[in-house]
Amino acid sequence: MKETFQVGIIGFGDMGRLYAEYISKAGWRVNVCDRPENYESIQATYGNGGYTVLKDGFQVSRTSDYILYSVEAEHIDKVVALYGPATKVGAIVGGQTSCKAPEMNAFEKYLPEDVDIISCHSMHGPKVNPKSQPLVIIRHRASDEHFEIVNEILSCFKSSVVYLSAKEHDRITADTQAVTHAAFLTMGLAWHANNQYPWEINRWCGGIENIKMNLSMRIYSSKWHVYAGLAILNPEAQRQIQQYASSVTELFKLAISGKAKEYEDRIRNAGKFVFGENMDRNSSGLLLSDELLDQYSISNIPKDESKRNSHLSILAIVDSWSKLGIHPQNHMICSTPLFRLWVGVSEYVFRHPGLLDSCIYTATKHNDFSPDDLEFVVAVRSWSECVAAKDFTTYKKRFLETQEYFRPRFEEATRVGNAMISKLLENLQKM
């Protein structure tokens, strides 16, 4: 079958290239294209990459037996409207967008009725090895034969396959990604607004701070549209980002109004809801320790010079999970590396009473960190308002400005972050 069956990929961005490389190396014939104006440059760079570079989506659609749309969620409707009607008779079509509602709507509107629909979503970025990472496969409408073929094609990633409906995918994706991304995007925006490089300041060095910095830089070194599409086009994601902004704001107001007891009760009750009454059990499966986290630092400041931190970003995410009735550990089977790390970090704070006590004390009794927390409040509310207004233009502008501010440290942060993620997930897999 591999000699005659052709896989087509429309959209040759980072994930499109990842799919083309893995599928072609597995022996399948692969056709790829990007925007027509990019044809010559892609042909010159990747023409000998083991797959065929075609001029546009019409050629890919007419010749391929399984066509994957690897385009931004914001543009999926107009791209499928353009190329969908040209789909080969009896072919299979799918997409890789992180939000499936607009993708499925486009497929149902523009694809011929004789075309089967089987979508997928690799729950990781292009810089992560797909082996053992969650891969969602969505059988929207398909024969058993076509379903088996798609499973065989995607088996080349050696990922952990999860079968979901499009609706289930969007709900779980919101649960596992929306607030996680919002937290790290907000950190970067707040640091930028304060004109701070956190690795140069003793407020942010050692242990948990390394995860915050590395993962925030990791997100800002990626493509803006990856995060914008998931946040703006997924209704569940919008609701969760709004709740996170509310949790951040309400906790900050309690902290600065002298309501320390109310603040502490709210935090501890949220922790009990999310992680259970018995905090001795490690539900995330991540074996975190200060010694391990200290190995992955991009800061030159000695740990013993670090200062207390309120960890508002972490306490607020647990509070928002509690308010939304979310138990994050229930979604570990189809979660991203970022989400697993963030759940692990959050649980680490709550499972170490001394650390949690320090966070509460710093927020309510120690005003030195209040200006930084205020900047975080302003940043998270600005992201939330942008998402609620479905404002892609402002989202892109804020993201790219912050990205440019931190660009000099991306290479080092990516290298250190990759090593950190690999080590921590290795510990997870050993359990």
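Heads up, the Cβ atoms here are built off N, Cα and C, so glycines get one too.
For the domain 'Prephenate/arogenate dehydrogenase' (5-285), the model's pLDDT averages out at 92. Look at Swiss-Prot and you will find 5-285 tagged as domain 'Prephenate/arogenate dehydrogenase'.
Under the heading NADP(+) binding site, Swiss-Prot lists 5-34. Take the CB of Arg17 (NADP(+) binding site) and look out to 10 A: across all protein chains shown you find 20 other CB atoms. Annotation note: Arg17 (NADP(+) binding site) sits in a helical segment as assigned by DSSP.
Annotation for Glu21 (NADP(+) binding site): same-chain Cβ neighbours under 8 Å, separated by at least 6 residues, are Gly49, Gly50. Ile9 (NADP(+) binding site) falls within a strand segment according to DSSP. The number of other Cβ atoms within 10 Å of the Cβ belonging to Lys25 (NADP(+) binding site), over all protein chains shown, comes to 13.
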